[in-house]
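Before anything else, here's the structure in question.
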């Protein structure tokens, strides 16, 4: 099994979310290994435009498992606030 890792080297805003969204179309898992809800990434797809802050970009691919890794700082309030907007797409 091969893996592709996308890591930023410029304090964010390099377009990692866009790259991961593209790669996730063929991936079996999309994993955020660290970070919190202070930074976000924008995903544009057939469903619309979404600003994600905790979920990995690959959550829109039904064949791709989204994983929040042990290095994540999860804001449960933020997570629960945004989840219904995405659940309606399932």
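A Cβ is built for glycine as well, from the same backbone N, Cα and C atoms used for every other residue.
TrEMBL annotations: computationally assigned, not manually curated.
Note that the coordinates shown come from a computational prediction; the quantities given were computed from them, not determined experimentally.
Annotation source TrEMBL lists active site, proton acceptor at 13. Look at TrEMBL and you will find 41 tagged as active site, proton donor. The GTP binding site annotation in TrEMBL covers 12, 13, 14, 15, 16, 17, 18, 40, 41, 42. The Mg(2+) binding site annotation in TrEMBL covers 13, 40. Summarising the annotation, TrEMBL assigns IMP binding site to 13, 14, 15, 16, 38, 39, 40, 41. Taken from TrEMBL, the feature transmembrane segment applies to 59-80.
Can you tell me where each of these features sits in the structure?
The Cβ neighbour count for residue 13 (active site, proton acceptor), using a 10 Å radius and every protein chain shown, is 10.
DSSP assigns residue 41 (active site, proton donor) to a strand segment in the three-state reduction. Sequence-distant contacts of residue 41 (active site, proton donor), defined by Cβ-Cβ distance under 8 angstroms and a gap of at least six in the same chain, are 16, 17, 18, 20, 21, 51, 52, 57.
Long-range C-beta contacts of residue 39 (IMP binding site), restricted to its own chain and to partners at least six residues apart, with a cutoff below 8 Å, comprise 12, 53.
Listed by sequence, the residues of this chain that lie at least six past the ends of the transmembrane segment (59-80) yet keep a Cβ under 8 A from its Cβ atoms are 21, 24-25, 27-37, 43, 45, 47, 50, 52-53, 86, 89.
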Long-range neighbours only, meaning 6 or more apart in sequence with Cβ under 8 Å: which ones does residue 38 (IMP binding site) have?
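Once residues fewer than 6 apart are set aside, residue 38 (IMP binding site) is near 53.
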Between residue 14 (GTP binding site) and residue 40 (Mg(2+) binding site), how many Å separate their Cα atoms?
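Per the Cα atoms, residue 14 (GTP binding site) and residue 40 (Mg(2+) binding site) stand 12 Å apart.
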Return the count of C-beta atoms lying within 10 angstroms of the C-beta of residue 12 (GTP binding site), excluding that atom itself.
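For residue 12 (GTP binding site), the count of other Cβ atoms within 10 Å is 13.
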So the record assigns 13, 14, 15, 16, 38, 39, 40, 41 to IMP. If I measure every Cα pair among those residues, what is the longest distance in angstrom, as a whole number?
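The span, Cα to Cα at its widest, is 16 Å.
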